[in-house]
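In what follows, a single structure is set out as C-alpha coordinates and then discussed.
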Amino acid sequence: RQGIGEPSVYHAVVVIFLEFFAWGLLTTPMLTVLHQTFPQHTFLMNGLIHGVKGLLSFLSAPLIGALSDVWGRKSFLLLTVFFTCAPIPLMKISPWWYFAVISMSGVFAVTFSVIFAYVADITQEHERSTAYGLVSATFAASLVTSPAIGAYLSQAYGDTLVVVLASGVALLDIGFILLAVPESLPEEMRPVSWGAPISWEQADPFASLRKVGQDSTVLLICITVFLSYLPEAGQYSSFFLYLRQIIGFSSETVAAFIGVVGILSILAQTVVLGILMRSIGNKNTILLGLGFQILQLAWYGFGSQPWMMWAAGAVAAMSSITFPAVSAMVSRNADPDQQGVVQGMITGIRGLCNGLGPALYGFVFYLFHVELNEMAEVETLGKASKPNMANPTDESSIIPGPPFLFGACSVLLSLLVALFIPEHTLALRSGSHKKHSNGAQAHPHSPQAGGADGKEPLLEDSSV
(Lines of atoms letter the chains of each structure in order from A and count residues from 1; the text may use other names and numbers.)
(Lines give C-alpha, C1' and ligand atoms only; values in the text may rest on other atoms or scores of the structure.)
Protein backbone atom coordinates (compact mmCIF):
# COMPACT_ATOMS: atom_id res chain seq x y z
CA ARG A 1 0.00 0.00 0.00
CA GLN A 2 1.37 3.41 -0.97
CA GLY A 3 1.66 6.04 1.73
CA ILE A 4 2.56 5.96 5.40
CA GLY A 5 0.62 3.52 7.55
CA GLU A 6 -3.01 2.58 7.15
CA PRO A 7 -5.48 5.23 5.84
CA SER A 8 -6.88 7.25 8.73
CA VAL A 9 -8.90 10.35 9.49
CA TYR A 10 -5.65 12.06 10.46
CA HIS A 11 -4.42 11.87 6.86
CA ALA A 12 -7.57 13.73 5.79
CA VAL A 13 -7.15 16.27 8.61
CA VAL A 14 -3.59 17.16 7.56
CA VAL A 15 -4.63 17.62 3.91
CA ILE A 16 -7.45 19.99 4.86
CA PHE A 17 -5.36 21.92 7.39
CA LEU A 18 -2.48 22.61 4.98
CA GLU A 19 -4.77 23.63 2.11
CA PHE A 20 -6.79 26.18 4.07
CA PHE A 21 -3.78 27.36 6.09
CA ALA A 22 -2.15 28.34 2.78
CA TRP A 23 -5.22 30.30 1.70
CA GLY A 24 -5.62 31.87 5.14
CA LEU A 25 -2.12 33.35 4.87
CA LEU A 26 -3.29 35.24 1.78
CA THR A 27 -6.24 37.00 3.44
CA THR A 28 -4.51 40.38 3.70
CA PRO A 29 -2.57 40.33 0.38
CA MET A 30 -5.66 39.17 -1.49
CA LEU A 31 -7.73 42.16 -0.32
CA THR A 32 -5.00 44.51 -1.55
CA VAL A 33 -4.59 42.79 -4.91
CA LEU A 34 -8.36 42.61 -5.43
CA HIS A 35 -8.77 46.36 -5.01
CA GLN A 36 -5.72 47.20 -7.12
CA THR A 37 -6.90 44.93 -9.94
CA PHE A 38 -10.52 46.09 -9.89
CA PRO A 39 -10.51 49.67 -8.57
CA GLN A 40 -14.00 50.18 -9.99
CA HIS A 41 -16.88 47.99 -8.79
CA THR A 42 -14.59 45.97 -6.52
CA PHE A 43 -17.42 44.29 -4.60
CA LEU A 44 -19.25 43.39 -7.81
CA MET A 45 -16.16 41.78 -9.36
CA ASN A 46 -15.38 39.96 -6.10
CA GLY A 47 -18.90 38.55 -6.07
CA LEU A 48 -18.73 37.45 -9.70
CA ILE A 49 -15.35 35.73 -9.23
CA HIS A 50 -16.53 33.75 -6.21
CA GLY A 51 -19.92 33.16 -7.82
CA VAL A 52 -18.42 31.55 -10.91
CA LYS A 53 -16.15 29.41 -8.74
CA GLY A 54 -19.05 28.27 -6.55
CA LEU A 55 -21.31 27.36 -9.45
CA LEU A 56 -18.55 25.40 -11.19
CA SER A 57 -17.87 23.51 -7.95
CA PHE A 58 -21.59 22.74 -7.60
CA LEU A 59 -21.67 21.31 -11.12
CA SER A 60 -18.45 19.30 -10.94
CA ALA A 61 -18.44 17.87 -7.40
CA PRO A 62 -20.79 14.92 -8.08
CA LEU A 63 -18.87 13.90 -11.22
CA ILE A 64 -15.52 14.02 -9.44
CA GLY A 65 -17.01 12.02 -6.59
CA ALA A 66 -18.29 9.39 -9.01
CA LEU A 67 -14.93 9.18 -10.78
CA SER A 68 -13.16 8.76 -7.44
CA ASP A 69 -15.24 5.58 -6.96
CA VAL A 70 -13.49 4.20 -10.04
CA TRP A 71 -9.93 5.52 -9.80
CA GLY A 72 -9.59 5.86 -6.05
CA ARG A 73 -9.53 8.80 -3.65
CA LYS A 74 -5.80 9.56 -3.58
CA SER A 75 -5.50 10.60 -7.23
CA PHE A 76 -8.48 12.93 -6.92
CA LEU A 77 -7.24 14.38 -3.64
CA LEU A 78 -4.05 15.24 -5.50
CA LEU A 79 -6.02 16.72 -8.40
CA THR A 80 -8.36 18.85 -6.27
CA VAL A 81 -5.64 20.21 -3.96
CA PHE A 82 -3.37 21.02 -6.92
CA PHE A 83 -6.01 23.00 -8.80
CA THR A 84 -7.37 24.66 -5.65
CA CYS A 85 -3.87 25.97 -4.81
CA ALA A 86 -2.75 26.62 -8.41
CA PRO A 87 -3.79 30.33 -8.34
CA ILE A 88 -1.62 31.15 -5.29
CA PRO A 89 1.73 31.95 -7.02
CA LEU A 90 -0.11 33.90 -9.73
CA MET A 91 -1.06 36.56 -7.18
CA LYS A 92 2.35 38.20 -7.64
CA ILE A 93 3.04 37.02 -11.20
CA SER A 94 -0.18 38.27 -12.84
CA PRO A 95 -3.20 39.43 -10.80
CA TRP A 96 -5.54 39.16 -13.79
CA TRP A 97 -4.56 35.55 -14.37
CA TYR A 98 -4.80 34.99 -10.61
CA PHE A 99 -8.49 35.90 -10.49
CA ALA A 100 -9.23 34.14 -13.79
CA VAL A 101 -7.68 30.90 -12.53
CA ILE A 102 -9.53 31.23 -9.20
CA SER A 103 -12.84 31.33 -11.11
CA MET A 104 -11.95 28.38 -13.33
CA SER A 105 -10.45 26.37 -10.45
CA GLY A 106 -13.98 25.85 -9.18
CA VAL A 107 -14.20 22.88 -11.57
CA PHE A 108 -11.71 20.99 -9.38
CA ALA A 109 -11.86 22.95 -6.11
CA VAL A 110 -13.98 20.33 -4.36
CA THR A 111 -11.50 18.87 -1.89
CA PHE A 112 -14.13 18.46 0.81
CA SER A 113 -16.25 16.17 -1.37
CA VAL A 114 -13.33 13.77 -1.87
CA ILE A 115 -12.26 14.07 1.78
CA PHE A 116 -15.76 13.06 2.94
CA ALA A 117 -15.62 9.99 0.69
CA TYR A 118 -12.12 9.19 2.02
CA VAL A 119 -13.39 9.38 5.61
CA ALA A 120 -16.44 7.26 4.74
CA ASP A 121 -14.15 4.55 3.33
CA ILE A 122 -12.22 4.13 6.57
CA THR A 123 -14.79 4.71 9.32
CA GLN A 124 -17.65 2.69 10.70
CA GLU A 125 -21.14 4.15 10.63
CA HIS A 126 -21.14 5.10 14.32
CA GLU A 127 -17.76 6.85 13.95
CA ARG A 128 -18.58 8.92 10.89
CA SER A 129 -20.21 11.98 12.43
CA THR A 130 -17.32 12.36 14.87
CA ALA A 131 -14.81 12.05 12.04
CA TYR A 132 -16.63 14.65 9.94
CA GLY A 133 -16.71 16.93 12.96
CA LEU A 134 -12.94 16.57 13.36
CA VAL A 135 -12.42 17.53 9.71
CA SER A 136 -14.71 20.55 10.13
CA ALA A 137 -12.97 21.67 13.31
CA THR A 138 -9.63 21.40 11.50
CA PHE A 139 -10.92 23.72 8.77
CA ALA A 140 -11.91 26.29 11.41
CA ALA A 141 -8.62 25.88 13.28
CA SER A 142 -6.57 26.48 10.12
CA LEU A 143 -8.25 29.86 9.70
CA VAL A 144 -7.80 30.94 13.32
CA THR A 145 -4.07 31.60 13.09
CA SER A 146 -3.10 31.86 9.41
CA PRO A 147 -4.67 35.29 8.60
CA ALA A 148 -2.87 36.84 11.59
CA ILE A 149 0.44 35.28 10.55
CA GLY A 150 -0.08 36.46 6.96
CA ALA A 151 -0.96 40.00 8.08
CA TYR A 152 2.14 40.24 10.29
CA LEU A 153 4.49 38.95 7.58
CA SER A 154 2.87 41.20 4.99
CA GLN A 155 3.46 44.28 7.12
CA ALA A 156 6.99 43.31 8.18
CA TYR A 157 8.38 41.82 4.97
CA GLY A 158 5.89 42.53 2.18
CA ASP A 159 3.26 40.55 0.28
CA THR A 160 5.80 38.67 -1.84
CA LEU A 161 7.09 36.67 1.13
CA VAL A 162 3.52 35.77 2.14
CA VAL A 163 2.73 34.48 -1.37
CA VAL A 164 5.98 32.47 -1.44
CA LEU A 165 5.20 30.98 1.99
CA ALA A 166 1.62 30.11 0.98
CA SER A 167 2.93 28.49 -2.22
CA GLY A 168 5.39 26.47 -0.10
CA VAL A 169 2.61 25.26 2.22
CA ALA A 170 0.54 24.26 -0.83
CA LEU A 171 3.51 22.31 -2.26
CA LEU A 172 3.95 20.64 1.14
CA ASP A 173 0.30 19.56 1.00
CA ILE A 174 0.75 18.11 -2.49
CA GLY A 175 3.93 16.32 -1.36
CA PHE A 176 2.12 14.94 1.69
CA ILE A 177 -0.61 13.47 -0.51
CA LEU A 178 1.94 11.94 -2.90
CA LEU A 179 4.18 10.41 -0.25
CA ALA A 180 2.18 9.96 2.95
CA VAL A 181 -1.53 9.53 2.13
CA PRO A 182 -2.50 5.88 1.47
CA GLU A 183 -5.37 4.97 -0.82
CA SER A 184 -8.59 4.44 1.16
CA LEU A 185 -10.69 2.68 -1.48
CA PRO A 186 -10.17 -1.08 -1.04
CA GLU A 187 -8.24 -2.70 -3.89
CA GLU A 188 -10.87 -5.39 -4.41
CA MET A 189 -13.55 -2.76 -5.10
CA ARG A 190 -11.70 -0.96 -7.87
CA PRO A 191 -11.59 -3.72 -10.54
CA VAL A 192 -15.36 -4.11 -10.21
CA SER A 193 -15.78 -0.36 -10.58
CA TRP A 194 -13.50 -0.28 -13.62
CA GLY A 195 -15.85 -2.60 -15.48
CA ALA A 196 -19.03 -0.77 -14.49
CA PRO A 197 -20.23 2.40 -16.21
CA ILE A 198 -20.53 5.57 -14.14
CA SER A 199 -24.13 6.42 -13.39
CA TRP A 200 -24.84 9.87 -14.80
CA GLU A 201 -27.67 10.25 -12.32
CA GLN A 202 -25.02 10.02 -9.62
CA ALA A 203 -22.94 12.65 -11.43
CA ASP A 204 -25.91 14.98 -12.03
CA PRO A 205 -25.80 17.90 -9.56
CA PHE A 206 -29.50 18.58 -10.08
CA ALA A 207 -30.64 14.98 -9.49
CA SER A 208 -30.97 15.40 -5.73
CA LEU A 209 -32.58 18.83 -6.08
CA ARG A 210 -35.35 17.38 -8.24
CA LYS A 211 -36.38 15.12 -5.34
CA VAL A 212 -36.79 17.98 -2.87
CA GLY A 213 -40.51 18.46 -3.42
CA GLN A 214 -41.37 14.80 -2.95
CA ASP A 215 -41.62 15.09 0.84
CA SER A 216 -43.02 18.08 2.69
CA THR A 217 -40.60 17.82 5.62
CA VAL A 218 -37.56 17.59 3.36
CA LEU A 219 -38.90 20.55 1.38
CA LEU A 220 -39.17 22.65 4.55
CA ILE A 221 -35.62 21.73 5.59
CA CYS A 222 -34.23 22.56 2.13
CA ILE A 223 -36.01 25.93 1.99
CA THR A 224 -34.71 26.73 5.48
CA VAL A 225 -31.16 25.85 4.45
CA PHE A 226 -31.37 27.79 1.18
CA LEU A 227 -32.72 31.00 2.74
CA SER A 228 -30.21 30.92 5.61
CA TYR A 229 -27.11 29.75 3.75
CA LEU A 230 -27.49 32.07 0.75
CA PRO A 231 -26.57 35.20 2.79
CA GLU A 232 -23.89 33.27 4.68
CA ALA A 233 -22.17 32.25 1.44
CA GLY A 234 -22.32 35.84 0.19
CA GLN A 235 -21.04 37.19 3.49
CA TYR A 236 -18.10 34.77 3.52
CA SER A 237 -16.92 36.02 0.12
CA SER A 238 -17.06 39.76 0.83
CA PHE A 239 -17.06 40.44 4.57
CA PHE A 240 -13.30 40.74 5.12
CA LEU A 241 -13.07 43.14 2.20
CA TYR A 242 -16.01 45.07 3.69
CA LEU A 243 -14.28 45.33 7.08
CA ARG A 244 -11.06 46.51 5.47
CA GLN A 245 -12.51 49.05 3.06
CA ILE A 246 -15.80 50.33 4.46
CA ILE A 247 -15.44 50.02 8.24
CA GLY A 248 -11.74 50.92 8.20
CA PHE A 249 -10.20 47.88 9.89
CA SER A 250 -6.46 47.51 9.46
CA SER A 251 -5.11 44.25 8.08
CA GLU A 252 -3.98 43.24 11.58
CA THR A 253 -7.44 43.96 13.01
CA VAL A 254 -9.10 41.86 10.28
CA ALA A 255 -6.78 38.97 11.14
CA ALA A 256 -7.54 39.34 14.85
CA PHE A 257 -11.27 39.46 14.09
CA ILE A 258 -11.05 36.19 12.12
CA GLY A 259 -9.14 34.52 14.94
CA VAL A 260 -11.49 35.63 17.73
CA VAL A 261 -14.67 34.73 15.85
CA GLY A 262 -13.14 31.40 14.80
CA ILE A 263 -12.31 30.46 18.40
CA LEU A 264 -15.77 31.53 19.59
CA SER A 265 -17.37 29.49 16.78
CA ILE A 266 -15.47 26.36 17.78
CA LEU A 267 -16.64 26.82 21.38
CA ALA A 268 -20.22 27.44 20.23
CA GLN A 269 -20.28 24.31 18.07
CA THR A 270 -18.87 22.10 20.79
CA VAL A 271 -19.71 23.27 24.32
CA VAL A 272 -22.72 25.56 23.78
CA LEU A 273 -24.39 23.37 21.15
CA GLY A 274 -24.33 20.31 23.40
CA ILE A 275 -25.86 22.24 26.31
CA LEU A 276 -28.61 23.72 24.12
CA MET A 277 -29.47 20.38 22.51
CA ARG A 278 -29.95 18.80 25.92
CA SER A 279 -31.84 21.70 27.47
CA ILE A 280 -34.14 23.15 24.80
CA GLY A 281 -34.18 20.43 22.14
CA ASN A 282 -33.22 20.09 18.51
CA LYS A 283 -35.75 22.32 16.77
CA ASN A 284 -35.50 25.15 19.30
CA THR A 285 -31.71 25.12 18.89
CA ILE A 286 -32.15 25.61 15.14
CA LEU A 287 -34.57 28.48 15.72
CA LEU A 288 -32.18 30.08 18.24
CA GLY A 289 -29.30 29.81 15.77
CA LEU A 290 -31.37 31.46 13.04
CA GLY A 291 -32.35 34.21 15.49
CA PHE A 292 -28.68 34.91 16.21
CA GLN A 293 -27.98 34.99 12.47
CA ILE A 294 -30.72 37.59 11.89
CA LEU A 295 -29.31 39.77 14.68
CA GLN A 296 -25.78 39.37 13.34
CA LEU A 297 -26.69 40.33 9.75
CA ALA A 298 -28.82 43.28 10.83
CA TRP A 299 -25.96 44.50 13.01
CA TYR A 300 -23.53 44.17 10.12
CA GLY A 301 -25.97 46.02 7.84
CA PHE A 302 -26.58 49.04 10.09
CA GLY A 303 -23.27 49.05 11.97
CA SER A 304 -20.83 51.79 11.05
CA GLN A 305 -18.35 51.63 13.95
CA PRO A 306 -15.63 49.03 14.56
CA TRP A 307 -16.97 48.08 18.00
CA MET A 308 -20.30 47.18 16.38
CA MET A 309 -18.52 44.71 14.09
CA TRP A 310 -16.80 43.06 17.06
CA ALA A 311 -20.10 42.71 18.92
CA ALA A 312 -21.81 41.33 15.82
CA GLY A 313 -18.90 38.90 15.37
CA ALA A 314 -19.61 37.39 18.79
CA VAL A 315 -23.24 36.94 17.73
CA ALA A 316 -22.04 35.39 14.45
CA ALA A 317 -20.16 32.74 16.43
CA MET A 318 -23.40 31.77 18.16
CA SER A 319 -25.24 31.59 14.83
CA SER A 320 -22.84 28.81 13.75
CA ILE A 321 -24.86 26.31 15.80
CA THR A 322 -27.63 26.22 13.18
CA PHE A 323 -26.22 23.71 10.72
CA PRO A 324 -24.95 21.18 13.28
CA ALA A 325 -28.42 21.32 14.84
CA VAL A 326 -30.04 20.66 11.46
CA SER A 327 -27.61 17.79 11.02
CA ALA A 328 -28.56 16.27 14.35
CA MET A 329 -32.28 16.59 13.60
CA VAL A 330 -31.98 14.64 10.35
CA SER A 331 -29.59 12.00 11.68
CA ARG A 332 -31.83 11.31 14.67
CA ASN A 333 -35.12 11.13 12.82
CA ALA A 334 -34.29 9.69 9.40
CA ASP A 335 -33.74 6.00 8.80
CA PRO A 336 -30.10 5.11 8.07
CA ASP A 337 -30.79 4.22 4.44
CA GLN A 338 -32.56 7.56 3.89
CA GLN A 339 -30.02 9.95 5.38
CA GLY A 340 -27.87 9.80 2.26
CA VAL A 341 -30.75 11.10 0.16
CA VAL A 342 -31.22 14.12 2.41
CA GLN A 343 -27.44 14.61 2.50
CA GLY A 344 -27.39 14.91 -1.27
CA MET A 345 -30.31 17.32 -1.30
CA ILE A 346 -28.95 19.61 1.41
CA THR A 347 -25.40 19.71 0.08
CA GLY A 348 -26.81 20.38 -3.38
CA ILE A 349 -28.70 23.38 -1.97
CA ARG A 350 -25.58 24.62 -0.22
CA GLY A 351 -23.47 24.20 -3.33
CA LEU A 352 -25.96 26.30 -5.26
CA CYS A 353 -25.79 28.98 -2.54
CA ASN A 354 -21.98 29.02 -2.79
CA GLY A 355 -22.42 30.24 -6.35
CA LEU A 356 -25.46 32.49 -5.99
CA GLY A 357 -24.61 34.13 -2.63
CA PRO A 358 -21.36 35.93 -3.58
CA ALA A 359 -22.82 37.13 -6.90
CA LEU A 360 -25.94 38.41 -5.11
CA TYR A 361 -23.92 40.32 -2.50
CA GLY A 362 -21.67 41.88 -5.14
CA PHE A 363 -24.69 42.95 -7.19
CA VAL A 364 -26.46 44.54 -4.19
CA PHE A 365 -23.30 46.46 -3.22
CA TYR A 366 -23.20 47.68 -6.81
CA LEU A 367 -26.88 48.70 -6.79
CA PHE A 368 -26.42 50.75 -3.62
CA HIS A 369 -23.25 52.42 -4.94
CA VAL A 370 -21.01 51.11 -2.19
CA GLU A 371 -17.66 51.57 -3.90
CA LEU A 372 -14.04 51.99 -2.84
CA ASN A 373 -11.41 54.67 -3.18
CA GLU A 374 -7.65 54.33 -2.85
CA MET A 375 -6.20 52.06 -0.19
CA ALA A 376 -4.33 54.98 1.35
CA GLU A 377 -7.61 56.55 2.36
CA VAL A 378 -8.58 53.47 4.31
CA GLU A 379 -5.56 53.72 6.58
CA THR A 380 -6.56 57.25 7.65
CA LEU A 381 -10.27 56.60 7.80
CA GLY A 382 -11.83 58.33 10.79
CA LYS A 383 -14.79 57.04 12.71
CA ALA A 384 -16.97 59.97 11.77
CA SER A 385 -16.30 59.98 8.03
CA LYS A 386 -16.73 57.61 5.14
CA PRO A 387 -14.58 59.04 2.32
CA ASN A 388 -14.63 55.72 0.51
CA MET A 389 -18.39 55.82 -0.06
CA ALA A 390 -19.06 56.69 -3.68
CA ASN A 391 -22.20 58.72 -2.94
CA PRO A 392 -22.33 59.69 0.74
CA THR A 393 -25.72 61.36 0.33
CA ASP A 394 -27.56 58.28 -0.92
CA GLU A 395 -28.74 55.10 0.77
CA SER A 396 -25.23 53.80 1.36
CA SER A 397 -24.59 56.46 4.01
CA ILE A 398 -27.69 55.33 5.92
CA ILE A 399 -27.19 51.60 5.42
CA PRO A 400 -23.43 50.94 5.18
CA GLY A 401 -23.95 47.26 4.31
CA PRO A 402 -27.14 46.81 2.25
CA PRO A 403 -26.50 43.13 1.36
CA PHE A 404 -26.34 42.19 5.03
CA LEU A 405 -29.79 43.72 5.56
CA PHE A 406 -31.11 41.74 2.59
CA GLY A 407 -29.53 38.69 4.19
CA ALA A 408 -31.28 39.37 7.50
CA CYS A 409 -34.63 39.46 5.69
CA SER A 410 -33.79 36.16 3.97
CA VAL A 411 -32.92 34.48 7.28
CA LEU A 412 -36.12 35.86 8.82
CA LEU A 413 -38.07 34.03 6.12
CA SER A 414 -35.96 30.95 6.88
CA LEU A 415 -36.93 31.20 10.56
CA LEU A 416 -40.62 31.37 9.67
CA VAL A 417 -40.28 28.27 7.48
CA ALA A 418 -38.34 26.41 10.19
CA LEU A 419 -41.24 26.91 12.60
CA PHE A 420 -43.24 24.39 10.55
CA ILE A 421 -40.58 21.65 10.53
CA PRO A 422 -41.82 18.71 12.64
CA GLU A 423 -39.25 17.82 15.26
CA HIS A 424 -39.92 14.14 15.77
CA THR A 425 -41.27 12.85 12.46
CA LEU A 426 -39.16 12.81 9.34
CA ALA A 427 -40.75 10.30 6.98
CA LEU A 428 -38.82 10.47 3.74
CA ARG A 429 -40.76 9.03 0.84
CA SER A 430 -37.77 9.91 -1.32
CA GLY A 431 -35.93 6.99 0.25
CA SER A 432 -37.54 4.67 -2.26
CA HIS A 433 -36.03 6.68 -5.08
CA LYS A 434 -32.56 6.11 -3.66
CA LYS A 435 -33.08 2.36 -3.83
CA HIS A 436 -34.16 2.49 -7.47
CA SER A 437 -31.75 5.10 -8.76
CA ASN A 438 -30.19 2.98 -11.51
CA GLY A 439 -27.03 2.36 -9.55
CA ALA A 440 -26.50 5.92 -8.35
CA GLN A 441 -25.94 4.60 -4.85
CA ALA A 442 -24.46 1.24 -5.86
CA HIS A 443 -21.11 2.00 -4.28
CA PRO A 444 -21.41 1.89 -0.50
CA HIS A 445 -18.93 4.76 -0.12
CA SER A 446 -19.96 6.97 -3.02
CA PRO A 447 -20.28 10.70 -2.25
CA GLN A 448 -23.75 12.07 -2.68
CA ALA A 449 -24.90 13.93 -5.74
CA GLY A 450 -24.96 17.64 -5.45
CA GLY A 451 -22.03 17.87 -3.10
CA ALA A 452 -19.91 21.00 -3.13
CA ASP A 453 -16.74 22.18 -1.49
CA GLY A 454 -18.53 23.64 1.51
CA LYS A 455 -16.91 25.03 4.71
CA GLU A 456 -18.11 21.97 6.79
CA PRO A 457 -20.38 18.92 6.37
CA LEU A 458 -23.97 20.00 6.93
CA LEU A 459 -25.36 16.53 7.64
CA GLU A 460 -23.65 13.58 9.16
CA ASP A 461 -24.13 11.00 6.45
CA SER A 462 -24.33 7.47 7.79
CA SER A 463 -25.09 5.85 4.46
CA VAL A 464 -22.28 7.06 2.20
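Cβ atoms are placed via backbone N, Cα and C, with glycine included.
Summarising the annotation, TrEMBL assigns domain 'Major facilitator superfamily (MFS) profile' to 8-426.
The transmembrane segment annotation in TrEMBL covers 12-31 (among others).
Feature annotation from TrEMBL assigns transmembrane segment to 43-64 (among others).
With a cut-off of 8 Å between Cβ atoms, the residues of this chain six or more beyond the transmembrane segment (76-91) that come close are 15, 19, 22-23, 26, 29-30, 33, 64, 67-68, 97-99, 101-102, 105, 107-111, 113-115, 118, 159, 163, 166-167, 170, 173-174, 177-178, 181. What TrEMBL records for 76-91 (among others) is transmembrane segment.
The transmembrane segment annotation in TrEMBL covers 97-119 (among others).
Marked as transmembrane segment by TrEMBL: 131-154 (among others). Proximity of distant same-chain residues to the transmembrane segment (131-154), defined by a Cβ-Cβ separation under 8 Å and at least 6 residues beyond the stretch ends, is recorded for 9, 12-13, 16-29, 112, 115-116, 119, 123, 161-162, 165-166, 251-252, 254-256, 258-259, 262-263, 265-266, 269-270, 455-457, 460-461.
The annotation transmembrane segment is assigned in TrEMBL to 160-181 (among others). With a cut-off of 8 Å between Cβ atoms, the residues of this chain six or more beyond the transmembrane segment (160-181) that come close are 3-4, 7, 11, 14-15, 18-19, 21-23, 25-26, 28-29, 74, 77-78, 81-82, 85, 88-89, 91-92, 150, 153-154.
Marked as transmembrane segment by TrEMBL: 218-242 (among others).
Among the features that TrEMBL reports, transmembrane segment is placed at 254-277 (among others).
Under the heading transmembrane segment, TrEMBL lists 284-302 (among others). Counting residues 6+ beyond its ends, the transmembrane segment (284-302) has Cβ neighbours under 8 Å at 224, 228, 231-232, 235, 239, 273, 276-277, 308-309, 311-312, 315-316, 318-323, 325-326, 329, 399-405, 407-408, 411-412, 414-415, 418-419, 421 in the same chain.
Positions annotated as transmembrane segment by TrEMBL: 308-330 (among others).
TrEMBL lists 351-368 (among others) with the feature transmembrane segment.
The feature transmembrane segment is assigned by TrEMBL to 404-421 (among others).
Per TrEMBL, region 'Disordered' is recorded for 432-464.
Counted as Cβ pairs under 8 Å, contacts with the transmembrane segment (254-277) are highest for 308-330 among 218-242, 308-330, 404-421. Same-chain neighbours of the transmembrane segment (218-242): 27, 31, 34-35, 42-43, 46-47, 50, 54, 211-212, 254, 258, 286, 290, 293, 297, 300, 322-323, 326, 329-330, 342, 345-346, 349-350, 352-354, 356-362, 365, 401, 403-404, 406-408, 410-411, 413-414, 417-418, 420-421, 426, 428, 430, 455, 458, counting only residues six or more beyond its ends whose CB sits under 8 Å from a CB of the stretch. Per-residue pLDDT, averaged along the domain 'Major facilitator superfamily (MFS) profile' (8-426), amounts to 78 for this model.
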